[in-house]
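S.K.: Straight from TrEMBL, here's the annotation block:
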type: ACT_SITE; residues: Asp370; note: active site, proton acceptor
type: ACT_SITE; residues: Tyr458; note: active site, schiff-base intermediate with substrate
type: DOMAIN; residues: 45-128; note: domain 'Copper amine oxidase N2-terminal'
type: DOMAIN; residues: 146-245; note: domain 'Copper amine oxidase N3-terminal'
type: DOMAIN; residues: 298-534; note: domain 'Copper amine oxidase catalytic'
type: DOMAIN; residues: 585-673; note: domain 'Copper amine oxidase catalytic'
type: MOD_RES; residues: Tyr458; note: 2',4',5'-topaquinone
type: SIGNAL; residues: 1-17; note: signal peptide
Amino acid sequence: MWPLRLAWALAVLGVTAGPSPGPSPGPTAPPLDKASIFADLSAAELRAVRTFLMSRPELGLSPSRGGPLAKNSLFLVELLPPKKRLALRYLDQGGPRPRRQARAVVFFGGQAEPNVTEFTVGPLPRPSFYRPLGFKGGRAVPFAARPMTRLEYELLHRALAEAMEPLYRLLRDSTGFWYHNCSRRCLTFSDIAPRGLAPGERRSWLVLQRFVEGFFLHPVGLEVLVDHRDPDPRRWAVQRLWYNGQYFSSPQELAERYERGTLAVARLAEPPARQLFSSYEPRGRFATGTPTAVHGAKVCEPQGRRYRLRGNRLEYGGWSLAFRLRSSAGLQLFDLRFNGERLAYEVSVQEAIAFYGGHTPAAMQTKYMDAGWGMGSVTYELARGIDCPEAATYLDAHHLYDADGPVRFSGAICVFELPTGVPLRRHFDSDYQGGFNFYAGLEGQALVLRTTSTVYNYDYIWDFLLYPNGVMEAKVHATGFIHGTFYTPQGRRYGSRLHSHLLGNLHTHLVHYKVDLDIAGTGNSFETMDVRFENISNPWSPGARVLGDPGQGWEMGAPPAPAPTRVGLLPAPGDGPDPAPVPRRYHLAVTRHHENEPTSSSIYGQNDPWEPLVSFEGFLRNNETIEDQDLVAWVTVGFLHVPHAEDIPNTATPGNAVGFFLRPFNFFDEDPSVASRSPVIVRPLDAPTFSRLEIQRWTPASPGPCVAPGPFAYNGTYRQE
């Protein structure tokens, strides 16, 4: 689908918030240090929280790495943002600075009834208390709903290696690779979620693949269902296997069928040592012969940066905002302002979902909900000149997610000014006699705040773009490896055959955002604008009629919805079983702001989507008025991905991006980009000869040199500090 343009949001809410459509004088942009109430926890703060909790004997915490699953361990620490009312009192009214606190997630696996508990820990930087941080409705977090950990994967690997021993000959003969006691010719696996078919289950289908570069594209035709619910791995068991279109009850049954010669064996060709189809190594030639072995166009800042970055406060033109990169879900903007006027309290990524179809058990089970995979914590180093321009500002991130201390991710965030390649606005005023009266144009630029999430096979590129005319764009590109399964003729109904034994499975990407708009204050209303066509009498030619004049049918301010508003995306509740989180149902939902509804999803939804801890549908069913209230817009964008041969080796970004815009609508008296000093105006001084021109510009005549010399460098490590 095309990006959802939220043109009405900034516009209509701005109009209905007060008698004046223009920005009120209001408070100016807050001092820079105030943005720090939204800043991510520093490495020192993360360590302080961990040290404090580990020292509490009543919690009985053990290190996350090593040891058994049946233990109490600290899984996640991140900033707990202040309550909105406290933050606004501090930002706007000179109130006290909110206490800085952390959110801590603890797995209590070492007790008779295991569970997951979240805690508020504070005050920072020297914590002295902790208390439970409950969910709406007071529900507890089932232990089976917890995200996977590195320890559980290690134990799952050992269990699978033992279970695959009877299949050594089959795997060696058919693939040239095997699972147990391997060195260079190893198999690996990708795991599928949800992990089961009902609450409380923890049964994962594992897709076996040859461990070569781009192993996601190398399934070998074997999928294994492992029950790993019990905290004791000795009680884990293989429940089913699927091999080349057939189901088996145990590895022994499959091995016996192979030994008897009654098994339909899928024999895979030896992978080449060079130019493997799943690699990035160049192969082939372009027909035109134009050069590709030289550098292409680059983004540069020939006269320095035009934005200001201080801590987590970002300023550009009329824009100012605070930002953070939360480990649980990703980028989050706070206190978004233009010329000192707050437009939104929060704009943030909530969830990324991918639903698959397929013939194999793993494919038909796959419904990925990436907040459950640490979507905000897998923010690896951005490559200069590729992921972001060389001239960008690069910022490190620290995460304490399934680790025994803060892990530094170098260059995980970048900020840069981007030439859009199209004018922000321009006009050539022709004299219709071969000349012109004037030309005027303003070059197009935007400031980009970017990070990426590599959630196993997929890479998401997250952008927030700020334009000089008061427009903000949220955008996500999908790239990386497709989630493919083993090709069988029956699978053709669910995707495309991309290689000899590879099926690219049909799937839908959906991304959910929270947009907490505060236009001229927190008292806003939601309205729509409809355009209808009318036949009217022509006032200047009696008897004639004007057909379909849209101006005569413009209706502004449809009656405000008396209750939370939803714009449909997928079938409404009650249309059959649906284990997926509810936000996917709606392009747009508007609700009242509540402090106990900070997010639309959670890290537990992936492994318990049937009884989610965060029920977005509950946000909508409380029958509250949304007229002159503090409102939140929940936006869903997405696209259907039908994999094709050109997705090899990776899905490309063109055509695989979605997002939305916040655009002013009668909020300003004129385009606010008139404050820019970058336009160029050209006027003839001696028409009609046009031999002398007046060129007006407010920037230097020449931009000067562009890219500073220097070789490409990359580190790519992320290590505990």
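These residue numbers are counts, starting from 1, taken along the chain as shown.
Cβ coordinates come from backbone N, Cα and C, glycine included.
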S.K.: For the domain 'Copper amine oxidase N2-terminal' (45-128), what is the mean per-residue pLDDT, to the nearest integer?
M.R.: 97
S.K.: Can you tell me the CA-to-CA distance separating the residue listed as 'active site, schiff-base intermediate with substrate' and Asp370 (active site, proton acceptor), as a whole number of Å?
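M.R.: Spelling it out, the Cα of the residue listed as 'active site, schiff-base intermediate with substrate' and the Cα of Asp370 (active site, proton acceptor) are 10 Å apart.
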S.K.: Using DSSP, how many residues in the domain 'Copper amine oxidase N3-terminal' (146-245) fall into helix, strand and coil?
M.R.: 31 helix, 31 strand, 38 coil
S.K.: When a 10 Å sphere is centred on the Cβ of Asp370 (active site, proton acceptor), how many other Cβ atoms does it contain?
M.R.: 24
S.K.: With helix taken as DSSP H, G or I, strand as E or B and everything else coil, how many residues of the domain 'Copper amine oxidase N2-terminal' (45-128) land in each class?
M.R.: 20 helix, 27 strand, 37 coil
S.K.: Counting each residue once, how many in the domain 'Copper amine oxidase catalytic' (585-673) are helix, strand and coil under DSSP?
M.R.: 11 helix, 26 strand, 52 coil
